[in-house]
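Working notes for the structure below.
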Amino acid sequence: MSVGTAPGERQRRGGRSGRGLCEATDMLLPIGPPAASGHVPLGTVPRVSRANEPRGGAGPALDEPSGQPGAAVPRQETGGPVPPPAPTGAAGLSFDRLWRRAREISAPGRYVAVLAVLSATAAVVLRHNLFPYLSINNDEVIYLTQARAMAGGHLFPAAPDPAASYAPWLAAVSDGHYVLKYTPFVPGLFALGLLLTGSISPVLALVAAAAVVVTYLFGVELSGDRRVAALAATLLAFSPLMIVQSALVLSYLPVLVLLELTLLGLLRGLRGRGRRGGGVALAGAGLAAGVAVAVRPYDVALVLAPVVVWALVKVRRDARLGWALSWAAAGLALPAGLLLAFNTAATGSPFRLPFALLEPDDKLGFGWRRLYPSDGGHDFGLGDGLASVGDHLWLLGGWACGGVLLVVAAIVTVARRRLDAPGYLLGLGSVLFLIGYLGFWGAWNAAELWGGIRYVGPFYLMPVMIGLVHLGARGVVDLATWSRRRVARGLTGVGTAGVVGLTTFILVGAVDANATMTGHDRELAGMLRSLPDRSLVLVSATPAYLGHPSAVTANGPDLDGADGDGDLLFAVSRGVADLKVVADHPDRTPYLLRMPAAYNRSPQSPTRSRVDALTLATGRTVDVEVSVGAAPAGSRAAQLVFEAGGTRLSYPVPVTGQSAARLTVDADGLDADDVTDAVSHDGARTRGSPTGREAGSPLGRPRISTVPGAGASITVSLLATPASGGRARTVDRQVLPVLVEQGADIAVLAPSAQIDEVGTGSTLPVRITLP
């Protein structure tokens with residue numbers, strides 16, 4: 001379909017014409033402005049009588065609304081050079097037809113086509129320059145991993161043994177493969193790009209362009225005014241939220257496109273001329289809605305519920321309920337069948353989504369919530385939901401082009417009754433969406449616990465952008481065409497200047513913040529790429545998944561290296577399983593990568609990461625040296641903690657300076673006699689102790705307690721209690737993998753030397769090394 005055009009309301013060849021919706025039925029709510037207003041809406045032109053239209057010619061431009069009386073804009077003739085005579089033959093006829101078709105597109109339609117190309121270009125440029133290592137939203141790792149698996153002919157990524165050691169971000173293990181958190185519809189789109197072009201960039205460009213074009217087409221159908229529709233597309237295209245999200249491998253922008261396609265098909269289906277033409281549009285709406293529901297069902301239900309209820313009441317009053325449902329069901333059948341089949345393969349039940357397969361407490365509603373099994377848990381209540389929605393709306397004021405001014409314009413539009421039924425219900429759907437998100441803990445997690453929406457935008461509110469740009473654009477056009485020209489121009493100029501200034505400020509800030517965090521990833525990737533030969537990097541991160549907190553640590557498909565070149569392979573450091581991972585790859589040199597838990601949570605977060613060479617030590621006993629640095633500023637107490645096999649040894653240590661100990665690992669488990677030379681230092685650089693400092697103050701006997709746990713691997717942690725009060729928190733921890741073999745021999749995989757260190761912030765305080 002040509003950009004800026006849409007099928008529907010054409011005068012048939014030979015002078016035949018179909019019946020419009022308003023010629024056949026009465027609307028539940030009036031289409032177009034209320035008759036009581038007594039004037040033609042600003043920015044619209046009454047439809048030209050068909051008696052005055054030439055017969056047998058090409059119909060009007062396809063970007064007009066479909067049969068909407070009193071709201072359509074006649075085709076705008078355009079100037080320009082006359083095309084040269086087309087060559088004879090089939091090619092010449094095709095060229096002539098295309099040329100005439102292109103000239104039929106209105107000026108706003110051509111403008112939107114250019115805007116779509118610019119948006120597609122921006123998506124690709126940002127993808128390669130601002131997000132070459134993906135963004136701080138690690139859900140991108142999920143979508144890209146699924147897409148790579150599908151491009152390779154697999155519905156699920158394979159899970160080699162030990163599966164937990166290679167698990168991507170938020171992956172569950174089932175029957176020898178990983179089940180990722182989301183359904184495969186959006187990953188399937190990216191997989192298609194990988195198959196056809198070897199890259200996901202064309203798909204990002206396509207989605208960005210489609211968002212602009214579909215916004216325009218839906219705007220034409222909704223308002224009947226191409227200027228309003230073009231402005232709505234412009235507001236979306238220049239929104240920082242759209243610009244940033246268009247470069248990310250996520251589902252939020254594709255779902256926006258699907259929602260608008262659903263609304264567009266629904267309106268065209270109900271207003272279409274002829275049962276078959278309207279039915280095809282309804283089938284398209286059903287197809288788009290089915291895919292959208294399969295991707296983000298909660299969002300779709302909230303946004304579309306008012307419009308769908310209105311449509312059902314409307315077709316029932318028109319005695320067309322069976323016809324409408326049959327066509328919509330025809331479109332829904334394919335995505336519904338695919339979703340049920342995928343759910344069965346992923347979870348064993350056609351009606352269970354994979355979203356909560358990893359963690360059942362990751363669900364809607366209030367109460368105790370967790371993102372993954374080792375998550376500490378969070379008590380999510382109504383107050384948290386209000387804070388979450390408030391934070392998202394506050395950010396949307398700047399991340400949406402026009403922000404608060406669009407909200408005001410939309411309210412004025414509603415107050416002046418400048419909308420028809422679908423317009424009002426679209427606004428109601430946006431309000432219902434915000435109310436529904438009070439009970440969605442994921443938005444609270446993104447706003448309050450993670451905070452990444454400050455840098456990649458309030459992406460959960462992407463569906464709200466639909467109502468915001470369309471209703472706001474109607475109000476802005478009304479203001480610009482107000483009869484009081486001077487006042488209108490003044491207000492429009494001031495508003496435009498404010499919008500441009502705020503949008504520029506937000507976009508520049510977002511680019512700068514993400515460029516800083518991408519710089520951190522670039523340093524990390526450079527350090528890892530500089531490792532010699534074929535390397536196996538065990539990643540010590542919390543939580544224990546690859547691709548988090550940085551996508552740099554994600555593997556390529558089939559475990560053939562991070563970039564598919566075989567040189568660099570990642571695995572999660574999990575304890576004794578590390579010994580099996582190392583044994584399974586004897587041709588690779590093992591290393592340990594340690595990263596701070598707060599890596600890239602913000603541009604100012606600590607990112608100092610280090611790589612240590614790993615050595616396998618065996619024998620009846622193995623000695624290692626342990627040192628911990630100072631606790632964070634603002635701590636009133638600190639502890640050095642050893643844990644293994646259910647035993648916990650806690651040593652109080654000073655909050656400043658360093659502490660050190662020698663740990664003897666043996667086959668009989670952890671006890672107080674295994675920790676010797678436990679001393680603290682005041683920070684003065686001298687000689688003598690295992691850390692190169694003068695022998696300090698003994699730490700004394702530890703506090704011994706029993707905790708849940710099993711196995712011989714030893715966890716060394718630094719805990720600190722804030723001066724402001726509360727429980728002790730883990731500052732840093734490192735796991736020492738230990739395997740007890742037959743005959744009381746042990747094998748310990750321990751760091752033997754530091755290879756490199758990059759990043760900013762303080763050094764990770766816990767360090768374990770072989771003497």
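Using N, Cα and C of the backbone, Cβ positions are placed for all residues, glycine too.
Those TrEMBL annotations? Automatic predictions, nothing curated.
As annotated by TrEMBL, region 'Disordered' applies to 1-91 (among others).
Per TrEMBL, the feature transmembrane segment maps to 107-126 (among others).
The transmembrane segment annotation in TrEMBL covers 189-216 (among others).
Predicted-model confidence for the domain 'ArnT-like N-terminal' (205-344) is 95, expressed as mean pLDDT. The annotation domain 'ArnT-like N-terminal' is assigned in TrEMBL to 205-344.
Taken from TrEMBL, the feature transmembrane segment covers 228-245 (among others).
Feature annotation from TrEMBL assigns transmembrane segment to 251-270 (among others).
Under the heading transmembrane segment, TrEMBL lists 277-294 (among others).
If you look up TrEMBL, you'll see 300-315 (among others) marked as transmembrane segment.
Feature annotation from TrEMBL assigns transmembrane segment to 322-342 (among others).
Residues or ranges marked as transmembrane segment by TrEMBL: 393-412 (among others). Long-range contacts of the transmembrane segment (393-412) within the same chain, counting only residues at least 6 positions beyond its ends with a Cβ under 8 Å from a Cβ of the stretch, are 234-236, 238-241, 427, 434, 453-454, 457-458, 461, 464-465, 467-469, 471-476, 478-479, 495, 498-499, 502-503, 505-506.
The transmembrane segment annotation in TrEMBL covers 424-444 (among others).
What TrEMBL lists as transmembrane segment is 456-477 (among others).
Long-range contacts of the transmembrane segment (489-511) within the same chain: residues 130, 238-240, 243-244, 398-399, 401-403, 405, 455-457, 476, 479-480, each at least 6 residues beyond the stretch ends and with a Cβ under 8 Å from a Cβ of the stretch. If you look up TrEMBL, you'll see 489-511 (among others) marked as transmembrane segment.
Under the heading domain 'DUF7846', TrEMBL lists 545-689.
Positions annotated as region 'Disordered' by TrEMBL: 674-706 (among others).
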**Study point:** Per Cβ pairs under 8 Å, the stretch of 107-126, 228-245, 251-270, 322-342, 456-477 packing most closely against the transmembrane segment (277-294)
**Key:** 322-342
**Study point:** Distant-in-sequence neighbours of the transmembrane segment (228-245), which means Cβ under 8 A and at least six residues beyond its ends
**Key:** 43, 63, 108, 111-112, 115-116, 118-119, 122, 126, 208, 211-213, 215-220, 222, 252-253, 396, 398-402, 406, 456-459, 461-462, 465, 468-470, 472-474, 476-477, 503, 506-507, 510, 514
Check your understanding: Which stretch from 107-126, 322-342, 424-444, 456-477 shares the most C-beta pairs under 8 Å with the transmembrane segment (300-315)?
Key -> 424-444
Revision key, fill the gap. In the same chain, residues at least 6 away from the ends of the transmembrane segment (251-270) whose Cβ sits under 8 Å of its Cβ atoms read 6-8, 21, 66, 143, 182, 186, 189, 207-208, 210-211, 214-215, 217-218, 221-222, 242, 245, 278-286, 288-289, 291-292, 295-296, 299-300, 303-304, 307-308, 311, 314-315, 324, 327-328, 422, 426, 459-460, 462-463, 465-466
Point to revise | Helix, strand and coil residues within the domain 'DUF7846' (545-689) as assigned by DSSP | key: 17 helix, 60 strand, 68 coil
